[in-house]
Amino acid sequence: MNEVAIVKEGWLHKRGEYIKTWRPRYFLLKSDGTFIGYKERPQDVDQLETPLNNFSVAKCQLMKTERPKPNTFIIRCLQWTTVIERTFHVDSPEEREEWIQVIQHVADNLKKQEEEMMEVRSGDSPSDNSGAEEMEVSHSKPKHKVTMNEFEYLKLLGKGTFGKVILVKEKATGRYYAMKILKKEVIVAKDEVAHTLTENRVLQNSRHPFLTALKYSFQTHDRLCFVMEYANGGELFFHLSRERIFSEDRARFYGAEIVSALDYLHSEKNVVYRDLKLENLMLDKDGHIKITDFGLCKEGIKDGATMKTFCGTPEYLAPEVLEDNDYGRAVDWWGLGVVMYEMMCGRLPFYNQDHEKLFELILMEEIRFPRTLLPEAKSLLSGLLKKDPKQRLGGGPDDAKEIMQHKFFAGIVWQDVYEKKLVPPFKPQVTSETDTRYFDEEFTAQMITITPPDQDDNFEFVDNERRPHFPQFSYSASGNA
């Protein structure tokens with residue numbers, strides 16, 4: 001294995017993802033794609049401290065812009081099915097060009113290495129990376145090409161800069177799915193292939209009872225489509241709004257299933273979910289948790305006259321995200337703390353309509369609890385809502401195991417959680433997977449065609465020449481969803 005070396009280092013101005021100020025950071029780019037940033041220039045590169053910013057340039061796309069500042073460049077990549085961006089600026093066009101060339105060079109090398117490894121691994125199977133990838137994830141090739149015409153389009157569930165999410169009904173089965181549609185032009189630069197779709201593989205390979213499964217993925221001439229499970233037991237948000245508060249036992253049940261899913265993502269997939277909030281938690285027909293990936297919020301943050309335009313709910317943002325420091329796996333445990341606080345206390349731990357004041361509360365305010373909360377629950381929530389991710393419960397090297405061993409979860413057999421042996425505390429009153437009683441009547445009563453599929457959108461009418469950037473993108477889960 002090649003030794004990891006520092007390829008380039010130097011000062012960059014990084015723009016905050018949420019509080020959109022520019023902060024100077026000293027960045028090191030390594031040959032393995034690691035791109036890490038520090039407040040001060042590190043004294044000893046052989047004994048680096050924990051960085052403030054830590055991400056990878058593998059499979060990234062690079063863009064140049066002169067807004068909001070001259071000599072700006074953006075690193076864009078697909079995380080799961082969500083497009084994330086990091087924005088930097090430097091002092092001169094030459095300096096920007098230098099960074100872009102080096103980052104692109106590292107990304108290209110990594111892609112080449114991955115392709116070589118896939119060739120070795122695939123043996124007799126097709127030698128191109130994407131073909132081998134499909135061989136790995138799909139036990140049987142789709143019997144027919146999936147197209148947009150096979151669904152009824154019922155309701156817009158979410159909309160963002162890069163696409164939209166629609167509640168759809170598969171005509172053949174009557175089953176409901178969430179279809180996430182991303183515009184190709186934002187993932188593929190003008191003449192440049194984006195090294196994306198790793199997350200397509202993450203989704204295809206993800207097999208966990210409490211995570212939303214990917215049923216199909218396919219493409220049209222201008223879009224990538226992910227068709228994902230849509231659990232019909234209703235949003236947890238809906239049930240909590242109706243009951244105002246859950247018992248500690250009920251919160252423990254949901255919390256355990258969420259921990260099990262996040263543990264799987266962190267340890268098996270090396271994915272930080274980043275977006276845990278009540279609206280992203282649904283119940284299946286039996287009352288088990290399904291964590292969704294329908295969000296377009298991180299994509300919907302606009303640049304505008306005000307530097308603080310948000311999509312979605314900033315109430316869930318962890319302190320390290322607001323401060324634009326490194327957010328590793330511990331960011332998910334903060335999210336768990338917020339949703340479990342809501343379940344047991346009936347309100348958000350920090351809230352103010354004014355975003356500036358809200359950010360101040362998240363960063364500075366001590367957490368308060370209702371008197372009725374038992375000590376074990378207080379201890380768990382205090383641990384999960386620690387401001388410093390290193391001090392946070394789950395913030396150590398043992399990650400989820402720290403939370404699993406907390407006294408609040410004493411008595412929980414974690415293998416039983418995974419195997420769905422625990423009886424859900426609430427069973428949605430649905431009779432089948434096509435029962436829509438927990439769906440908003442506004443969209444179950446009538447069919448709305450969001451985007452009438454035309455012939456151009458039909459997968460079968462699009463030949464490979466017109467979609468060279470995304471070979472072998474189509475996928476169909478074998479067996480039932």
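Glycine too: its Cβ is placed from the backbone N, Cα and C atoms.
According to Swiss-Prot, the feature active site, proton acceptor maps to Asp275. The ATP binding site annotation in Swiss-Prot covers Leu157, Gly158, Lys159, Gly160, Thr161, Phe162, Gly163, Lys164, Val165, Lys180, and the record cites sequence analysis as its basis. Summarising the annotation, Swiss-Prot assigns domain 'PH' to 5-108. Summarising the annotation, Swiss-Prot assigns domain 'Protein kinase' to 151-409. Taken from Swiss-Prot, the feature domain 'AGC-kinase C-terminal' covers 410-481. As annotated by Swiss-Prot, O-linked glycosylation site applies to Ser127, Ser130, Thr306, Thr313, Ser474. The feature phosphoserine is assigned by Swiss-Prot to Ser474, with similarity to another entry given as support. Look at Swiss-Prot and you will find 120-141 tagged as region 'Disordered'.
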Around the Cβ of Asp275 (active site, proton acceptor), other Cβ atoms within 10 Å, all chains included, total 22
Across the domain 'Protein kinase' (151-409) the predicted model averages a pLDDT of 82
Here the 10 Å Cβ neighbour count for Lys159 (ATP binding site) comes out at 15
Asp275 (active site, proton acceptor) sits from Gly163 (ATP binding site) (Cα to Cα, rounded, in Å) at a distance of 17
Fewest neighbouring Cβ atoms within 10 Å among the binding-site residues Leu157, Val165 goes to Leu157
Here the 10 Å Cβ neighbour count for Gly163 (ATP binding site) comes out at 24
The DSSP breakdown of the domain 'PH' (5-108) into helix, strand and coil residues is 16 helix, 49 strand, 39 coil
As a whole number of Å, the Cα atom of Val165 (ATP binding site) is distant from the Cα atom of the residue listed as 'active site, proton acceptor' by 16
DSSP, reduced to three states, assigns Val165 (ATP binding site) to strand
Per DSSP (three-state), Lys159 (ATP binding site) is strand
Expressed in Å to no decimal places, the gap between the Cα atoms of Asp275 (active site, proton acceptor) and Leu157 (ATP binding site) is 16
